[in-house]
């Protein structure tokens, strides 16, 4: 009874509770489904700003389609009425107003250029036409239609049947078409930002040169319908941009800046997880390493997107506190912060590898230096870069007092916690100020809020400055505490006892993180100071007028970046990238410079001949050839009529909106509105590697829907029907175009896989130039005075140039990763493509970039006097060693570029070469008083500069390992010429050659 009563009195879930649970389950399932989608889809589905952008672009496209539906408007717009919808697909209103107008200007410019070429062709063709044959044809046609009903319609039909075609006239049109298309192809090749101009110019001249030969009289207004439709879309786009979630370019750039700084802050916040993560999370596909890598990729992409908006920043009227120059000033400081954080990802990999190998001795056994003994000493009681490199190479340094890296990670975490927190706080304060400046443009009383945020920023800058000072003076010493006994033992060691140098490998690895946090902190401090100064200077909103209009031409003619190849073009050829730094030194090996007018003329002709073999010229030739081939049927009497009738595309989804009738405007509007949602979403948010396919789908859908509606509502040539039955005809036409393009593509064949290889070679060459640039800045640090003495600092003029170059390489690598992903789908006709090897090579090149950035940051931080001393005994600036590193870079690049095998005799471990070059007599001479300076050397380990010195040594070590790995990958890809007996002789020679051991004195 009790149990029953208890059971009956227990509360039952109410209906509303059940519905809430069901709703929660449905919501969780939806979120789970979104999580499984690609990142570019899921991220935009969650972003409020993306939904606003989608609503604006969808509305513009839908209105552009609705314009087609009323009878009066479709009759006014004519046969090209669908171009309003096509324009919304090519240039959606997902950008600030002046950039949108600029993009539409490129469309109108293209149409006008094509119109001009076509009109000139028509004028010349009419002049070349035989007037006798023309009069005879006109007389014959007039006699055949005499007395028949509606003779004007019959005469028009006879025009499109090719009755008045003339061979000479068609030849003139063909010549103008070839020249015009070739010119537009060159525009596309050399100015990728004008690709829309090139496409629409080609469309316009194709229309003129296809229909023009049919007319026996001048018809210069063929483009009226197209331009009228585009004008409609321009008006639609301007209205929706102004009234639907309006945004100026200044606002867009500040929004991008805020988002980019948020990603930088998240990368700094992640370092707490890095320093607390288990080993498994830091190696391979570990979650922490994956998150850090993904964030760094997003930061580089964000910086690239930000830079692409800056050139046109001063070309608008803007209401706000900051003008275009103020916003551009942020770019300089952000471009300083990001390269200095590039080494963070490198440190995560280094830490994971170090902890992994330290915890598993068997994995590190193969990493011991084969020719060096643990007790080896160079004679300098200080810690030389050679010894540090030896310790880094040896995963388990043979020293009884060695400190395991895992024991130092908690100390590193605590020692840098204050600095990391101060960096994150300063970035958060910068973001807060930028957001107020960006979002409070029209709000009253916003000056007080800005003052408050600026005061908070000033406070965080002071805290960051204090944290940097505290780390320099005291916090970093916590990392030295475990090594105090080692250093004291080193200080008390008797000269020449042969015990080797102190084991500082673990300390050097920890110093990599510490040094880069200091470098990043200094850059963030400079950024915060700039934001604070600008905020205090610009306290009130005002209207800023445009300036610098001459920038428009410069923006148009820029070659662009690798990521701008959204329609399949290659903005900059790989050969040009690899040779641009070598051209000033390049000479013709087959001829001396021309000395007379004949030789100069011949030389110019030779240059033109060489140009015809360039990728840009080959593209233009192919573009012209395929256009002429597909144009010929439209001017041949036997195929002219069918060609012009079948150029239109009926509807593929006509049945949904119109069933079997002429179509209901309301049904078509509703049907198109639904289909436009996924199309516009993909067009606006698809990554650049998918954009060519997305554009093709959007354009095809537009032609299908547009032509289908026109077929039933205005008079058009022919009667091909409406709906599903004619869809296959359009598919055949598309396949003909694709087949023609494919034939031209394989003559000569062009491979995406080859392009990946060439780009890898180009980036390797760029990295060699970066390395040379960095070494040149290092060895040229001391400038001789007039009296021959050294000691004048060279300055840091090279830093800005190096920063720009390394950011450009990072962006090229980003684009190369996308291209490598696409190249996997090319097919395996000749055999499987070694995608894993190429992906690994790209990863190695990315690590090289980070290590070069880390080395550059360390050099900038070192005191001038320290650099001078380092030049005297640092082995990595040994001229012979520099020659070997540059040679290895160039051998790898040349092998990848030419697909020729490497030679086995060239294979060498560059880390071993450091040891080899540390045994020269010059080094013993300059270090002859090293024992007397031993206490100072021990103190130098505890100095602030040693942290950056150690970080630089680790960067060099990792760079050498990267080069070794890149060489091995290239040998597997391109092959290796065997040298019989060479390896055995090398090993025997190395064993028989005793190492030079210096005791700190020299012998005559």
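We number each residue from 1, going along the chain as drawn.
From the backbone N, Cα and C atoms, a Cβ is placed for every residue, glycine too.
Among the ranges 523-558, 559-594, 595-630, the stretch that TrEMBL annotates as region 'Disordered' is 559-594.
Segment annotation: TrEMBL labels transmembrane segment over residues 226-245 (candidates 226-245, 246-265, 266-285, 286-305). Counting Cβ pairs closer than 8 Å to the transmembrane segment (226-245), the top stretch among 99-126, 170-187, 666-686 is 99-126. When pLDDT values are averaged over the domain 'DUF2421' (749-976), the model yields 79.
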